[in-house]
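Have a look at the structure below, then the notes.
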Amino acid sequence: MNSYTVTVATGHQWFAGTDDYIYITLVGTEQCSDKTLLDKPLYDDFERGAVDSYEVKVGQDLGQLVLVKIEKQKYWMQDSWYCRYVTVKTPSGEHVEFPCYRWLVDDKNVVLRDGKARLPQDDENILVKQQRQKELEIRRMTYRWKEWQPGFPMSIDANRHKDLPRDIQFDSEKEVNFVLNYTKAIENLCVNKFMNMFQSSWNDLADFESIFLRIKNTNIEYVMQHWKEDSMFGYQFLNGCNPVLIEKCFKLPDKLPVTHEMVSSSLDRNLTLEQELEVDFVMLFLFIYCYGFTLTRINIKTCLFFWFQAGNIFICDYELLEGVSANCTDLCTQQYLAAPICLLYKNTQNKIVPIAIQLSQTPGKDAPIFLPSDAHYDWLLAKIWVRSSDFQIHQTVTHLLRTHLISEMFAIAMFRQLPAVHPVFKLLLPHVRFTIAINTKAREELICEGGIFDKANGTGGGGHVQLVQKAMKTLTFRSLCFPDMIRMRCMDNNEEMPKYFYRDDGYRVWEATKSFVSDVMCIYYSNDERVQGDGEIQAFVKDVRNFGMQDSDHCGFPKCLNSREELIEYLTVIVFTASAQHAAVNFGQYDWCSWIPNAPATMRKPPPNQKGLATLSLIMESLPDRGRSSWHLGAVWALSQYQENELFLGMYPDEHFTEGRVKAAMEKFRKELAGISESIKIRDEKKRMPYCYLRPDKIPNSVTV
């Protein structure tokens, strides 16, 4: 009689334990054991956080242990049980680990592979091959694609959070009740007295300070004090909530007819606007050709002047908002949107400042170009309109589409195409934790018809859907690759654009993440042929392209992966988008958007179509009323909070990998991230406004809020 010692660990979550019957079957290459009862009802086994051991007697030699089957049967009242892992000590003294980290719901069972990750081509035993295929068949029936809105990335086929598979639900649905959390935030911020005061305007700009009596921080106070300044306005394009729109401008678009005479007072290098726009390569080469054989110190200085001084014009174009419907859910309040174009200049102090704003995509007499030299309130109102437009793009495109929805798409394809034993499944699982759940709750309560988004946002009532649909037409895979995204906007030169901390910190986190992904993947993929021969990874990539992105021709998402380097980049995109990119555009919302005039969620007057009309009264009538301000403030506060027991980048408490080489790669990753965090802390000690959104110890592993 052979004796196997079976150790079973129960989860630490609330209600993770069970009083139900628990059975186990050990499956070897030669034989399988009889189904053995482990739990006796009403005993102290399988309580929350417990680790229980049992002896399983087997009359025959099982051979190499390859599978463990766990079954749960109701004793009295049906409950769920969360199993962390099973460890089996064989008669020979070998310890075999079987990671689980799943819920057993109702009278269900789960079949576990040992913890060593394997590619499909490495499985030789017929039992494990069959189990691998069966697991994926069940997953594909459980995780189904659904089109929530036409033109959106495909999402999970579930209307409510409670309809999701238990394994991907939040531990407690109360944690993600948007209505409850927003109401709580409004109460915590002491603005609940304003929340029903729709149509009631604030008296003046200082009046907004009345909603900041409770919760302040250094960044918010600095924004409150300096938000009107052009340098603060420009700084946010680099290091605010939406640092992904600014791009270098080499030629003014025809739709923005700015002349040198308009902006000359804002340029401080004694160059014309045309010279500031671009390096004139033709003139530069002619200069070198003419003086190449007789270069003097003066000629060299002149040459370098043209080379290094020009190219200081940048642009932010909100053309996606053109034609998008403004919120009309409240018949008592007309709301408006604009699609502005903002021209920016890097001055000799290396500060980005606005030099021209047009609040329409169509030039003409009804679309004046506002300038810093205009009347104070004309210029201020134009900047407020840009900030409001930036808020709409940030919330709906930068945040919702390009992190939440894209991460969910990757997660669904992963569950459908990769079994738990696959190394890519093990790698990605911590980075999709709760992502499908938070998005399902958002569709249920936040961005649905009549949801919270409709209460305060100018694109509520359907405009946000139109905006995502338009943005999907330009979304490409390469734009999700961080270095490419920076280069596409010609913002990659540190000397030309210093103090772009989003770029600088992002590069470091991207490289650390890519190095970690490479270290892990190289363990399993020794060459390109191993990638090409992995049918599961190819099916995963194909599912993302064909279903997630609905086989969009322009998107550039790969249909297959042909090399190890392509696989590493693909997985780095997934991990970075879910962790660092989401952190960069999410957790600064309270800092930058809680001061309402700096990020109005809606505007109640149309954009001005001529100069000289703006007054303080018009600005106050344009900005959100007291009720919408309160909902907005509650939203940005709630969205900026970390989840309870948040897991940050590099934290992998669930040991899906059991191999020592992978654990060593994880430790190396954590050390590299810690070094980045420390250097950012040191840098930020000297800054009036710290930039900590891409500090690894503040980057959650996944999209959970």
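The backbone N, Cα and C atoms fix where each Cβ goes, and this holds for glycine too.
Annotation comment: TrEMBL describes G17, D79 as Ca(2+) 1 binding site.
TrEMBL lists D39 with the feature Ca(2+) 2 binding site.
There are 25 other CB atoms within 10 A of the CB of H582 (Fe cation binding site), with all protein chains counted. Taken from TrEMBL, the feature Fe cation binding site applies to H399, H404, H582.
When averaged over the domain 'PLAT' (2-118), pLDDT in the model lands at 89. The domain 'PLAT' feature in TrEMBL is assigned to 2-118.
For 117-705, the entry in TrEMBL reads domain 'Lipoxygenase'.
Annotation comment: TrEMBL describes W103 as site 'Essential for stabilizing binding to COTL1'. Counting every protein chain shown, the Cβ of W103 (site 'Essential for stabilizing binding to COTL1') has 20 other Cβ atoms within 10 Å.
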Cβ packing number for H399 (Fe cation binding site), 10 Å threshold: 22
Neighbours of H399, H404, H582 excl. site residues, C-beta within 8 Å of centre, Fe cation: T398, L400, R402, T403, S407, Q581, V585, N586, V703
Nearest of the recorded positions (G17, D79, W103) to H582 (Fe cation binding site) - Cα to Cα: W103
Neighbourhood of H404 (Fe cation binding site), C-beta criterion under 8 angstroms, separation at least six: T435, I438, N439, A442, H582, V703
Under 8 Å by Cβ from G17 (Ca(2+) 1 binding site), same chain, sequence gap 6 or more: T10, F46, E47, R48, A50, W81
W103 (site 'Essential for stabilizing binding to COTL1') to D79 (Ca(2+) 1 binding site) - Cα separation in whole Å: 10
